[in-house]
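Participant: Encoded as structure tokens, here's the structure I'll be asking about.
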Amino acid sequence: MILHPALILVLGALVLPWLPRAARQAAVIGLPLATLWAVWQVPDGAAWQLHFLDYTLTPLAGDRLTRLFATIFSLMAAVGGLFALKQESRLEVPAAMFYAGSAIGVAFAGDLITVFIFWELMAIGSTLVIWSAGNRTAYTASMRYMAIHLLGGVVLMAGIAGHVAATGSVAFVPMAPESWAQWLILAGVLINAGAPPLSAWLPDAYPEASWSGTVFLSAFTTKTAVYVLLRGFPGTELLIWVGMFMIFYGIVYALLENDMRRILAYSIVNQVGFMVVGIGIGTEMALNGAAAHAFAHIIYKALLLMSAGAVLYRTGRRKCTDLGGLFQSMPVTAVCGIVGALAISSFPWTSGFVSKSMISQAAGDQHLTFVWLGLAAASAGVFLHAGIKFPWFVFFQKDSGLRPADPPASMQAAMLVFAALCIGLGLFPAPLYALLPFAVDYEPYSGAHVVTQLQLLLFSGLAFFVMLESLKRTLTISLDFDWFYRVFARRLSEILTPLFTGLIAALERSAGALANRGGDVLRRHHGPLGALARTWPTGSMALWVTIMLLAWLVLYYLF
């Protein structure tokens with residue numbers, strides 16, 4: 001029987017907290033590597049099937065898309081575990097392994113019920129990762145995070161239930177949002193993808209995790225949602241415009257931010273937007289581009305957050321206004337952060353260039369001119385907020401007077417592994433292209449494409465330094481959509497509660513008075529002295545019945 005790769009991490013995570021420190025550290029690396037091996041033992045097609053009620057569940061099914069995502073999820077868990085070896089919390093890393101295993105479970109799910117089960121397990125694991133930071137801010141952020149994801153889970157479950165009731169099938173296959181149930185499934189997935197207006201959970205919760213927790217969080221929730229969209233809703237045109245909105249929403253808010261990890265959190269929304277656009281276009285080139293970009297994004301985003309996490313680990317500071325000049329004392333961290341910044345900006349010879357360019361090419365091939373122009377402009381915007389702003393304000397700019405050393409060797413090793421992958425996949429994209437769901441007939445390094453991208457980045461870099469004074473942040477707060485349900489809704493309830501309380505009290509008084517009047521009427525007519533309570537002689541009653549019968553007969557014959 002084929003071993004389910006997800007169970008290695010999910011069950012292993014339950015044992016990790018009880019192991020001695022040395023054994024736990026070895027298992028943190030060993031379990032994901034064992035999972036990676038197991039991923040490549042799963043054949044194409046259904047490997048596990050079982051019957052539940054009247055349905056056939058397929059908890060384990062493999063294909064090229066599944067292996068692509070399961071591979072990068074396993075690799076992320078291993079390198080993230082290496083980065084987190086110095087983490088003192090006994091809960092965070094086991095929770096992260098449980099989280100990663102749940103994401104792999106979604107990737108291998110061949111039916112919607114299995115998708116939902118692992119989807120909810122993923123929400124539990126990620127909430128624990130945030131909560132394990134161990135402070136009040138992290139606790140409240142984790143509760144808000146859980147509330148949003150429970151909402152998304154309820155919406156997803158309602159959609160799945162409606163879809164199964166309508167079709168009689170639980171198979172996880174491509175669908176078009178034509179029924180209310182399929183729209184609910186799509187909405188539930190988009191909540192996890194970080195699509196506005198319910199996207200504020202991401203920059204609200206992720207930066208509150210520990211220096212290592214945010215690295216894990218960046219990889220699984222949103223990219224699992226991308227996987228489900230790739231599998232379930234390819235070619236849904238609405239996703240093009242949802243993705244475009246995500247792209248520019250993420251850029252604007254990242255430019256406004258002062259917290260280095262919130263900058264990178266908003267850029268997750270931005271980058272997932274590129275993937276969602278590719279899924280919406282729906283051609284083989286576009287779907288390959290979305291899948292490749294998800295793979296590359298997990299690596300370079302984790303690298304950026306490792307760099308930021310190393311700074312937080314050494315300095316305890318998150319605000320760009322409190323940092324600067326760290327290149328002198330943290331050269332390895334700075335260089336790795338710059339490599340990640342170049343990759344997210346799609347600089348030629350990095351992984352971001354060979355993946356994101358496929359989405360732009362697909363838009364051009366389909367003559368989506370405005371989409372192509374938007375993606376080109378967005379590439380310049382990404383370079384502004386993540387490619388230059390993050391490394392400039394943290395590692396260069398002013399001298400903050402801080403002289404922290406580079407982080408411990410395990411953290412440096414994790415950063416160097418992902419930095420090497422960012423460059424290696426950029427120079428030699430063939431291994432990545434070989435993993436994609438469709439055959440790839442695309443050459444990223446055409447002269448026109450390289451020159452165009454370099455021109456965009458050069459213009460963006462020039463614009464950054466021209467507008468540098470305007471881009472310097474102060475201790476301000478950027479209001480996001482969550483203001484409506486965290487602040488506005490509370491204030492509205494504070495105003496409306498007394499009004500409704502008074503209204504309810506008035507209604508209660510009116511109802512009481514009405515009941516009293518009704519009681520008086522009943523007592524008058526049915527009380528001991530009431531007309532309807534009196535006794536009538538038998539002869540009198542017979543007389544009245546006779547009179548009523550005669551009256552009815554007269555009316556009947558006359559009319």
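From the backbone N, Cα and C atoms, a Cβ is placed for every residue, glycine too.
If you look up TrEMBL, you'll see 109-373 marked as domain 'NADH:quinone oxidoreductase/Mrp antiporter transmembrane'. Under the heading transmembrane segment, TrEMBL lists 91-110, 116-134, 146-174, 180-202, 238-256, 294-313, 325-349, 369-392, 413-436, 448-468, 488-507, 541-558 (among others).
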Participant: Verify whether three or more Cβ pairs under 8 angstroms connect the transmembrane segment (488-507) with the transmembrane segment (294-313), leaving out any pair fewer than 6 apart in sequence.
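Facilitator: Counting Cβ pairs under 8 Å, fewer than 3, so no.
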Participant: Sort out the residues at least 6 away from either end of the transmembrane segment (325-349), same chain, that have Cβ-Cβ distances under 8 Å to it, and list them.
Facilitator: 267, 271, 296-297, 299-301, 303-304, 306-308, 310-311, 314-315, 356-357, 379, 382-383, 386-388, 390-391, 394-407, 412, 415-416, 418-419, 422-423, 426-427, 445, 450, 453-454, 457
Participant: Residues of the same chain, at least six outside the transmembrane segment (238-256), with any C-beta under 8 angstroms of its C-beta?
Facilitator: 177, 190, 194-196, 199, 203, 229, 263-264, 266-281, 368, 371, 374-375, 378, 381-382, 384-386, 389, 471, 473, 476, 478, 480
